[in-house]
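The domain 'UvrD-like helicase ATP-binding' feature in TrEMBL is assigned to 24-357. Marked as ATP binding site by TrEMBL: ALA45, GLY46, ALA47, GLY48, SER49, GLY50, LYS51, THR52. Under the heading region 'Disordered', TrEMBL lists 99-119. Taken from TrEMBL, the feature domain 'UvrD-like helicase C-terminal' covers 358-677.
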Amino acid sequence: MTALHPPPAVRPMPLDVLVEVLERPISDEQAAVVTAPLEAGVVVAGAGSGKTATMVARVVWLVGSGLVTPDQVLGLTFTTKAADELAVRVRHGLRRLRAAGLQPDTPSTGRSDVPLPPDVTSLEPTVSTYHAYAARLVRDHALRLGREPGARLVTPATSWQLAARAVGSYDGPMEAVTWAESTVVQAVLALAGDLSEHLVGGQEVLDVGAWLQKTAAATRKLQGPAKKVLALQEAREQLLPVVERYAALKRERELLDFGDVVALAAELARTCPQVREVERATSRVVLLDEYQDTGAAQEVLLSSLFGDGHPVTAVGDPCQSIYGWRGASAGTLRRFPSAYAAARSTPRTLSTTYRSGGRLLRLANLVSDELRTEGVRVPRLAPAPGREDDGQVRCALLADVDTEARWVADQVVAGLAALPAEEGRYWARAAVLCRKRSMFPRLRAAFDELDVPVEVVGLGGLLAVPEVADLRATLQVLDDPTADAAVLRLLTGPRWRLGPRDLAALGRRARQLVRGGTAAPDDPVEAVVLGVDESQVGSLVDALDDLPPSGDRDPLSSEGRRRLETLRDELRALRRRIDQPLPDLVADVERTLGLDVEVSARPGTTDPASARADLDAFADAAAQFAGDTAQDGAGEAVLSAFLAHLSAAEDEEHGLDTGAVSGADTVKLMTVHAAKGLEWPVVAVPGLSRSTGTGAAVFPAKPVASTSWTANFRLLPFPLRGDRTELPALSGLEPEDLKAHTEANAARDAREERRLAYVAVTRAEQLLLCSGYHWGEGAGVVGPSVFLHEARQACEDGAGEVDVWEDEPLEDNPVVGSGRTAAWPSPAPPAGPAVQAAARRVREIMAELASGPLGGNGTAGAATLSTATLSTAAIDRATLDAAALDAAAFDAAALDAAALDAAALDAAALDAAALDPAAREVVDRWDDDLRRLAEEAARRRSRRTTALLPPVLSVTGLVELQRDRAALARSLLRPLPRPPSPVTRRGTAFHAWLESTVFGQPQLLDPDDLPGAADQGAAVDDDLQLLQDAFRSSSWWGRQPQEIEVPFEMEVEGLLVRGRIDAVFADDDGGWDVVDWKTGRQPSGEGARAAAVQLAAYRLAWHQLTGAPLERVRAAFFYVRTGATVRPADLLDTTGLRALVAGVPTLDP
C-alpha cells in the first residue's frame, strides 16, 4: 500500500497558470469541474467533450493547489485501454507541473523559485479498472470473509467448461427445463452472473416464485401468458441447484469470475468498517469514469466505501448507457446524490464536443432529444469554437440491401479520398458500425469488390466470414453426430454443391437408419402402431457415414455419390485425429478443407498473409480457449465447450467480447457496441431499417431473446435487481397486468436502441453515412427506421445531403428473386484451367486402372494401358507447366498423401500380366526409387547424431539445454519455424505495455502529443486485460525499476550467450533484484529447475555488467496470472553454467 504524504499548504492554482502548464485551453465548463470543491458531485460529459483531458486537469490542479498529493488520488474506469490512457496523460501532466517548478498561489505570476516538494511531485496516482480495484480489495482482505486471498480469476473459456460440467452432471429434477443443453449452459452462466451482480441468493428467487403462486391463486382465470410466466419461474428455480453446483466447482479450484470478485468486494465494503477506513484514508479524491456503465454491485461497493460526502466525482453520460444487458443502468447518475450524500444535487456539465463538427451534432442532438429528459439533465451537444459548420451527414434509402452495401462501400471510398493525407493511415480512418453481425458478410463482399481491405472486429463477427463458417461447421460435424445444420451447410455450400435430388436421398437414408435400415413410416398412425420413438430422428451425419448402397437403382447421382464419399472420407480421417489439441485440430481441418489455398487464390489477392487473416484470428481464438481451460484445470471436452462458446458469441448481438481493434490500415467492420469510446473521421451506419409488415427490423432491432424476466428464464426477476426502480413493475397476473408490463418493457427496449443509435452517430469526426433499404432477404418489405427519418430531417435542416431516397417499391423482392449466390471457394485463378486439365487426365488414367482385373471385368481394359499411358509425355508438359501451378493457388497440402488412398493404388491393382514390357519397366523404376528411399530412411534412423552448439546461444537455448538435450539437438539439426502462438503474442504485448505505460520514461514527445493520439492503443484481448489488471493488483505495481529491457552478451565456456533482462530493481540494502515477468503457467518439478537456468543467466549477466558481487544480486520470476513471486533456491553460478554448456547434446536413433 502506498504511504500517505501530507499535502503542502493549500493555495489554489490560478487557471492561467494551469493552462500554461498543460499547454491547452480550458473552457468555462471544464474550469468549473477542474476547480470544484472537494465534495461529492456528478459531471455529465457528452460524447467527445474532453472528459479525459478534464480529469487530468483536475488532478494537476488539485496537486498544484496543495489539496492532495498524487498518491492520494484514485481513478477508476472500465477498460484497460481507458485506464492506460488516463494514467499516461496524468503522468504527463504531473511531469509538466514538476518541470514548471511551481509554488501554489505566488503573487501575480503564480511562479516561485521554490519548487513543489520533490517527494510530492514524483508520486503517482492510482489509476485502474473497476474490476482490478475490486480484485485488489478481495486479495488484500479476503481473509476477513473466510476466503482464500490467492483465488485466481477464471477465464470465460473455463467458465463455459465448468458450467457445462455442472449441467451435464446434474441429475435432479429438470422437467421444466426443456431447452437444449447449450442454452441451459448459457442460462446457468447468466443467472449466476445476475445473482452476483445484484447481490442476491437463491432463496430470494424462490420467494419471488412463492409470490407468483400466491398471486396466481388470487387471479380470476389464468390465461396462457400468465401460465408461461409461472412455467418460466419453475424452470428458473430448477436451475438454482445447477448454479450452486457451478459455484462449487469454482470454489474447489479456488477460482472466481468477475461477478464473484465484485460481489465479494461489495460485501467487504458493506460489512467491514476497517476496509472502509483504509480506503478513504488512502484515496482522498476519487474519480469515477463512465459511471453510467456501473452495475448494481459496483454501485454498492463504491457508495459503501466512499459515501457520506467523500470527494467523489462521477463522470458519465446517461445517453451512452448501452450496457443494460449486463446490469448497467442510466439511472446510476440520477441516484448518485442520494447514494453518496452529495451536497450538490445539480450536475456539472461538459457539453462542448471536440470530436464532431457542428453539422454532425444536429443529428446527434435530434437522436438524443427523447433521452435527455430521463433522470439527470443532459444538455445538447455544442461544437467547439470555429467548428460550427464542420462535418457532413449523408443519408440514403436504397431499393434493397445489396444496393445499400454497394452504396456504403462506394461512399466510404469517396469519403476517404476527400480527406487530407495522413502518413501511415488511409483505410483505418473509416469504420462501418452495424447493429447486427448478420450484416457483415454482405458489406464485406461489397468492399472486397472494390479491393478495399476490411477487418472484422470481434469473435462473433468473425463467425460470419465464409471460410470461418465452413471451418466451424466441420468442427461441429466432428463433435456432434446430430449436427445436421452444419452438414447441410457443407453439402449445399459452393465446395460440394450437392443437388436437391441427392440431398433428398440422403435425408431418406437418415430416416432408414433410425429403423435399422428399414424406411421409417410416414403415417403417424403407423408410427404409433410400430412403436417409433418420437425422440429418434434421422441424422444426416450418420447417413453420410453410411451411404445408401449403389446399384441399378442407386438413389444418388454418380457425381453426388462421388462428392459424398469424398466428404465422408475426409470426416473419417479427421475423426481419427480428433484427440489432438484443439489448436492442432483446427489447423488440421483447415488444411483438409484447403481453406488456406482458397483464400490465397481469391481474385485480387496480392498478400496471402492478409488473405488468411480471418483464419488466423479464428485459430488464435481456439488457441486462447484451449490455453485458458488448461490453465484453470478444466481441459476435458474442449472442442464441445469451444463450439458452445462460439454459439453464444454468435447469438448475443452485443457479443461476449468487443474484439481487438488492431492498428492495421483497414476499414473496421464492427458492431455499435464494440465501437463505444472510439472515433474515426469517416463512419457509416447502415441498416437503418425497420419492419413495416413481415420484414425483419434491423436498427432499431428487436431483441434476439426477450429482455423481460416474465418471458426469459435466464433473467433474474426484476424485483430482485439493484436497479428495480428503473424497471417495469409487475403488479399481477391478470391479462391487463401482463400487457402493461410487456408494453413498458418494449418502451425500455426502444430507449436502449436509441441510446445505441446515439453512440453510433457520435463516433464520426468529419463524415457520417446513414443508410437503409426497402427490401431485405425476407419476404416482407422493410422501410426507413425512425433513425433514418431523423437523419433525413437533419440533412434537410442543413446537416448534409440526402443522396438517394427511393420510393416504396411495389414489385416483388429482387433480393429473394435473384437467388443471391457467393463464389466460395473462389473461381479458379489463371492456373485453374491447366490444373483442371491435369486433373481430368489423372481421372482418366484412374478410370483405365479401374477397368482392369480389380476394377472391371477381366482384362479387357489392360491392353489400353501402355507405356504412353504411364509416360509423362502423355500429360502435356504445357498442362503442368510450373508457371501454371502458381504457388498461391496450389498447395502441396491439397495433394496430401492421405488424400490418395493407398488401397486405390495398391500394387495388386497393377497386375503384371496387364502391363506391356515398357510399362512394366516404368513401374519397376518406381519400385526401385521407393526401395532406395526406404533404405535411406532406415539408415537415418540407425545413426546417432551429435549436434554441435552454435557459437551464439540465446538464454532460451540454455533453458532448453537443461530441460531436454535431445529436443535441443533435434532443433539444431533440423530447425523448423515455430507456429504462431497467441500466448507468445500476448506475452509480447504485456511486456510492451509494461515498458511503454507502466515503466515509461519521459520522452521528447508524449503519446498524447502525437497525431491521431485518440486512435492509438488498440484494445487488448480479454486475457491480456486480465494480466494487466493482475499486475496492477500486485506488490510490484508502483515500484520503479532501475533498468528495464537490459540487453546483454556474456561468454560462458567459449560460448556467447545473449539475452534481455526484463527489469532490475534496487534493493534498500544496496543489492539488486533481477526480475523476469512470466505471463504463462508456473512450472513444477523438472520444468521449474530448467526455468531457473534463465534467472541464473540473468543474475550472472547483471553481475558482469555492473561488477556487483554475485551474492548481492537476487533473482525472481513474477507469475502475473497468479500473483506469485518465485525465487528458486540454489541458482547455478558461473561454474554451474559452464558445466551445463560443456555437455554436447546428441540425437539418439
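Any Cβ shown, glycine's included, is placed from N, Cα and C.
In sequence order, THR54, ASP317, LEU350, THR353, TYR354, ARG355 are the same-chain residues whose CB sits within 8 A of the CB centroid of ALA45, GLY46, ALA47, GLY48, SER49, GLY50, LYS51, THR52, the residues recorded for ATP being left out.
If you draw a 10 Å sphere around the CB of THR52 (ATP binding site), it holds 19 other CB atoms from the protein chains shown. Following the DSSP three-state reduction, the secondary structure of GLY48 (ATP binding site) is coil. Between the binding-site residues GLY46, GLY50, the minimum number of other C-beta atoms within 10 Å of a residue's C-beta occurs at GLY50. When Cβ atoms from all protein chains are considered, those within 10 Å of ALA45 (ATP binding site) total 30, not counting its own.
Taking Cβ-Cβ distances under 8 Å and a sequence gap of 6 or more within the same chain, the neighbours of GLY48 (ATP binding site) are THR353, TYR354, ARG355, SER356, LEU381, GLU679, THR762. Taking a C-beta cut-off of under 8 Å and a sequence gap of six or more, ALA47 (ATP binding site) has these contacts in its own chain: ASP317, CYS319, GLN320, THR353, ARG355, SER356, ALA364, LEU381, TYR758, VAL759, THR762. Each of the binding-site residues SER49, LYS51 was assessed for Cβ neighbours inside 10 Å, and the highest tally belongs to SER49. Mean model confidence for the domain 'UvrD-like helicase ATP-binding' (24-357) is a pLDDT of 86.
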